[in-house]
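See structure below.
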Amino acid sequence: MALHKVHYPSVSNLPLREAKATLRAAVRKNRKARSHAQLEALEHDLMAQALDFIGDSKVIASYISVNQEPPTLRLSDALIANGRRLLVPKLGPGLSREWAWYQGHEDLSEQAPGRPPAPSGQPLGAEILGEVNLVIIPALLVNHDGMRLGQGGGWYDRVLKQVPRGTPVAAMIFPEEFVDFALPQDENDMPVSAVILPDGVVQL
């Protein structure tokens, strides 16, 4: 699959934290420049590829998109309309990050400043991930080794350590965010097994 070339700053000589911050800033700048019409067109294609990746999976863990992330609301509504069960992140006691069953976009509400909206249902701990057949997570960059650069909180890396071994895990990203260079990483960074792009799914 062809790479969509975008210039990213060289970070190989930077300390780890600075290298990650530099790349995050570059991706966020690119995303912010995308028009609403462009985002809508990409959403249609991403949704088609995600549905193909999901296939017959009955229980999925995913995320609620915010800002300029690859959109997930239409995908999420389509999944539950088709009888699938969908887990999305939700704040639990003490602002802990947990999960809840998605009931539709109209059920979502902001539960803390700066956090994605979440369902109204009961927060569920990490053990609920034992029920999922497939996981879709956000990312800013993914490379050909499956290494992922996230937003910086580290929560999804911890999630991936709790997902049962062998469960497919895909990051949904825009074309220019699938890169062919090494990403700054440490021992806590977890790889994904696939990327969902507007023009296809790449197994890693």
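In case you wondered, yes, glycine gets a Cβ from its N, Cα and C as well.
Where the annotation comes from TrEMBL, it is an automatic prediction and has not been curated.
In TrEMBL this protein carries:
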type    : residues                                                                                                  : note
BINDING : Lys20, Ala21, Thr22, Leu23, Arg24, Arg148, Leu149, Gly150, Gln151, Gly152, Gly153, Gly154, Trp155, Tyr156 : ATP binding site
BINDING : Ile64, Glu69                                                                                              : substrate binding site
Secondary structure of Leu149 (ATP binding site) (DSSP, helix/strand/coil): strand
Site extent for ATP (largest Cα pair distance over Lys20, Ala21, Thr22, Leu23, Arg24, Arg148, Leu149, Gly150, Gln151, Gly152, Gly153, Gly154, Trp155, Tyr156, Å): 20
Neighbourhood of Arg24 (ATP binding site), C-beta criterion under 8 angstroms, separation at least six: Leu140, Leu149, Gln151, Gly152
Between Gly153 (ATP binding site) and Glu69 (substrate binding site): CA-CA distance (Å): 16
Integer Å distance between the CA atoms belonging to Ile64 (substrate binding site) and Thr22 (ATP binding site): 25
Gln151 (ATP binding site), number of other Cβ atoms within 10 Å: 15
Rounded to the nearest Å - Cα separation of Lys20 (ATP binding site) and Ile64 (substrate binding site): 23
Number of other Cβ atoms within 10 Å of the Cβ of Gly153 (ATP binding site) across all protein chains: 9
Between Gly153 (ATP binding site) and Ile64 (substrate binding site), the C-alpha gap once rounded to whole angstrom: 16
For Ile64 (substrate binding site), nearby residues of its own chain (Cβ under 8 Å, 6 or more apart in sequence): Thr72, Leu73, Ser76, Val88, Pro89, Leu108, Pro116, Pro117, Ala118
